[in-house]
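Taking it in order: structure first as structure tokens, then the write-up.
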Amino acid sequence: MGHAGGRWQEAYDESEETEENEGVALSAESEVTLDAFSQLRNNAGFWLLGLCNNFAYVVMLSAAHDILSNQKVPEHNGTRPIPPSASPENTTTNTSQYDCNTISTGAVLLADILPTLFIKFSAPFCIHLFPYGLRVAICVTSAWGSFLLVAFSTNTTQSLLGVVLASISSGLGEITFLALTSFFNSAVVSAWSSGTGGAGLIGALSYLGLTQAGLTPQDTLLFMTIVPVIMLASYCFLLAPPPQAPRCGWGVCKPKSPRCPSVIQQPLLGDRLTVPQMIQKPQLTLQEKEQVAKGLLKYLIPLSVVYFAEYFINQGLFELLYFRNTTLNHPEQYRWYQMLYQAGVFISRSSASCIRIRKIWLLAILQCLNMVFLLFAVSYMFLPNIYVVFVLILYEGLLGGAGYVNTFHCVSEESKPEHREFAMGVACIADTLGISLSGAIAIPVHNYFCHLP
């Protein structure tokens, strides 16, 4: 650590001369070239941060229902975290041909996504007031608390509060770490995206594997409290930040001028901030933020459409795509749908280094066509077997993952260095907005089909 600190100190001395001439320190990505080992550390660090950030949220969707199955839940309680239960107690009470649950899974989606939506809408305009270290600490604490709260919950309210904590951790973490990528080489965006894709696949597989191995859901959740610790360790010890990047700490911003820097060089955990070693980036004015946000609409609107169609399929149609003439029962079919979807997302989010797509609107059109086709399939039940659905769902995941990773690559590459941090934070609103809208629309669509004779 001492040698690295000395190397970064020399970089600081040079950058301060630039700051005197220009008034603003540019992004690390364009000004600093790290050695191969440091870049490898950063890629691995952001991959783990992406994995850990989404891990709790993914696991909650599976684990919370297992915990709730041992609790007394009101008959018409619609707050169950996941759709079709595999428990023997889960029986449908309707006479619909679609074998519906009483409450749409879209209601669960809204409960899971609204905290994240609130965070992402408010954060770009005020999150710069809080140092990165404090934000990461909140993410780690929320994720850790979500595992404990759901594991030891004794009623429905406590379990759902645990899911909300996981949502807070995921939402704040996404906007924090994506903004943090603006200080690093653009390759870390691919690493982050791959990690978030891996969270869905690894999260679902690890929970399934541990419970199948004999661990109770409670013990499995307690075992997974190690994941937030890995997140903290990745941020504090694995990353090799360039001079302009924040460090593991929670120092307070002390501006040198009326234009307070939105990001400063922060100390290692437990150290004091020394003012002469600051690297400043000016805080954007409200007018500048509005201009940046408008310029991003060409990417944000298509990404919102991609995620709207994607989650309308997941939460509005998956449950209704039930094939009775297979060896898989309804809960097993649903779990296969989710697994194939996560596999598609992981593959495409990990492929940015091989395939780059700038026409995000094309992905939006393809995903909408996929949604319309599956909606007709639910309405008229013309698909011959479940394997056709398997292929379509894998394709759906590929489109969704590609939309995510390519959007953030385009935003990162096309934003000015002084705008990039804010732009990355704003961009992550798009997927959450699309997901929220899909959850709201999935509820009446579910009710319509399930009330058909």
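Every residue, even glycine, has its Cβ placed from backbone N, Cα and C.
What TrEMBL records for 1-26, 74-96 is region 'Disordered'. Per TrEMBL, compositional bias 'Acidic residues' is recorded for 11-22. Taken from TrEMBL, the feature transmembrane segment covers 44-64, 132-153, 159-180, 187-209, 221-240, 360-380, 386-410, 422-443. Sequence annotations record features per position, and here TrEMBL assigns compositional bias 'Polar residues' to 87-96.
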Dominant neighbour of the transmembrane segment (132-153) in 44-64, 187-209, 221-240, 386-410, 422-443, by Cβ pairs under 8 Å: 221-240
Other parts of the chain folded back onto the transmembrane segment (221-240), taken as Cβ under 8 Å at six or more residues beyond its ends: 4, 34, 37-39, 41-42, 44-46, 48-49, 52-53, 55-56, 59, 63, 67, 136-137, 139-141, 143-144, 147-148, 150-151, 169, 173, 206-207, 210, 215, 248, 268-269
Whether the transmembrane segment (187-209) meets the transmembrane segment (44-64): three or more C-beta pairs under 8 angstroms: yes
Recorded stretch that, among 44-64, 159-180, 386-410, has the most CB pairs under 8 Å to the transmembrane segment (422-443): 159-180
Outside the transmembrane segment (386-410), six or more residues from its ends: residues with CB under 8 Å to it: 178, 181, 186, 189-190, 192-194, 196-197, 299-300, 302-303, 306-307, 310, 313, 321, 323, 326, 328, 333, 336-337, 340-349, 351-352, 355-358, 360, 363-364, 366-367, 370, 373-374, 377, 424, 427-428, 430-431
Tertiary contacts of the transmembrane segment (159-180) (same chain, 6+ residues out, Cβ under 8 Å): 46, 49-50, 53-54, 56-57, 59-61, 64, 67-68, 71, 79, 81, 111-120, 123-124, 127, 132, 135-136, 138-140, 142-143, 145-150, 153, 189, 192, 196, 228, 231, 245-246, 408, 421-422, 424-425, 427-428, 432
